[in-house]
Amino acid sequence: MDFTSTAAIDGAGGGEERERERSHVVELVTSTEGSDLPSGEQITPLLSQLDKPKLNIFSVSYPRRRANKDQIARLIETETSVFTQFVMWLWSGSRYSGLLCMVLSSSIYCIMEVLLDVCSAQAIPLFEIAFTRCVIISVLSFMWLRRTGEPIFGPPNVRNLLVSRAVTGCISLLTFIYCIQTLPLSQAIILSFTTPIMASVAALFILHENLKLAEIAGIAFSFFGVLFILTSAISIEGASANIGEDKASGAHGIRHVFAVLIGLVSSLAGGVSYCLIRAGAKASEQPVGTIFSFGLLASPAAAICMITTEDFVLPSLYSFILMIFLSILAFFAELFVARGLQLEKTSKVANILYLEIAYSSYGAWDHRG
């Protein structure tokens with residue numbers, strides 16, 4: 001509306017004229033420009049109604065802190081699939097997500113050990129197996145990062161952590177394989193028992209995590225519990241090893257001590273690697289970056305060891321398919337480890353790691369990183 005006020009002025013005299021001078025004429029002007037527009041365009045919402053987006057494991061955000069219950073409930077309500085709801089709940093950072101991720105990782109390693117015992121039909125050198133797994137892990141983690149749009153080499157502020165994690169993980173892997181090749185299996189597994197302890201102690205200095213009395217007690221009981229389970233197997237292998245040691249020279253004893261020291265180095269490097277995984281995963285949105293950095297360094301390192309220390313064995317089609325499948329499982333196991341460490345304290349995760357050690361006691365090799 002346009003209101004205009006005008007004073008009617010007339011030059012003639014008289015009462016009517018003076019009265020007319022005091023009066024005001026108000027003119028109402030209405031605009032008809034918008035009447036020609038369609039009714040649908042006159043009232044337009046500010047935001048258009050979009051379709052509800054489909055969520056998948058690649059589009060799930062990776063919060064560095066655990067979300068509250070309301071956020072988790074709203075996230076789960078967006079999907080109706082039972083499997084999708086479980087994945088979303090597991091990765092959303094709920095109260096027990098970190099521990100459940102570690103349990104799933106240990107379960108996957110258990111499945112790998114069972115498949116190795118049941119389905120293996122050809123003896124493949126350990127460094128050749130390690131090389132295959134690291135290459136598959138690198139390819140899958142690269143595809144994951146490209147799919148999510150994250151930087152391949154991680155954010156600039158996290159790259160030093162990723163490089164350090166790759167170096168310590170590679171040292172842990174290669175030295176553990178050396179122990180498996182040099183020491184009896186039971187002794188190599190006992191040395192690997194110290195990895196969770198090393199991780200908890202390293203977390204005190206690297207991550208400044210405080211160890212509670214209950215966590216210390218839990219690690220101690222887990223250590224001695226798994227050690228008790230393997231007592232019979234250790235005694236049997238120890239008896240056979242003593243028979244061979246009677247015939248061995250003093251040089252063999254020195255080599256045995258050296259292998260034990262290498263095993264302790266493997267456990268120490270593994271413990272530091274777990275702390276660096278947690279630090280790198282918390283500092284970035286995607287925990288997969290810690291896996292890619294490890295595979296990128298471990299692949300050529302395993303290839304060099306494979307060429308220089310072992311004879312290459314061409315796997316059959318059946319063995320090759322089994323190696324590829326186990327490598328894919330190893331990728332998801334490493335993924336759950338990285339996510340679990342991103343959400344949970346290292347000292348709490350260390351207790352869950354003993355499940356993996358117990359599972360690996362029934363197999364000949366456990367992928368470490």
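Each residue, glycine too, has its Cβ placed from N, Cα and C.
All TrEMBL annotations are machine predictions without curation.
TrEMBL lists 97-230 with the feature domain 'EamA'. Regional average pLDDT for the domain 'EamA' (97-230) in the model is 86.
Among the features that TrEMBL reports, region 'Disordered' is placed at 1-22.
The annotation transmembrane segment is assigned in TrEMBL to 96-116 (among others).
Among the features that TrEMBL reports, transmembrane segment is placed at 122-145 (among others).
The annotation transmembrane segment is assigned in TrEMBL to 166-183 (among others).
Annotated transmembrane segment per TrEMBL: 189-207 (among others), in sequence order.
Annotation comment: TrEMBL describes 216-236 (among others) as transmembrane segment.
The annotation transmembrane segment is assigned in TrEMBL to 256-277 (among others).
Sequence-distant neighbours of the transmembrane segment (289-309) (same chain, 6+ residues past either end, Cβ-Cβ under 8 Å): 125, 127-128, 130-131, 134-135, 137-138, 141-142, 145, 150-154, 158, 162-163, 165-167, 169-170, 173-174, 177, 276-277, 280-281, 331, 334-335, 338, 369. The transmembrane segment annotation in TrEMBL covers 289-309 (among others).
The transmembrane segment annotation in TrEMBL covers 315-338 (among others).
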Folded-back contacts onto the transmembrane segment (166-183), same chain, C-beta under 8 angstroms, at least six residues removed: 126-127, 130, 191-192, 255-256, 259-260, 262-263, 265-267, 269-270, 272-273, 276-277, 293-294, 296-298, 301-302, 305, 364-369
Rank 96-116, 122-145, 256-277 by Cβ pairs under 8 Å to the transmembrane segment (315-338) and hand me the top one. 122-145
Long-range Cβ contacts under 8 Å made by the transmembrane segment (122-145), restricted to residues 6 or more beyond its ends, are 58, 151-152, 173-174, 177, 180-181, 286, 288-289, 291-292, 294-296, 298-299, 302-303, 305-306, 309-313, 315-316, 318-319, 323-324, 326-328, 330-331, 334, 365, 367
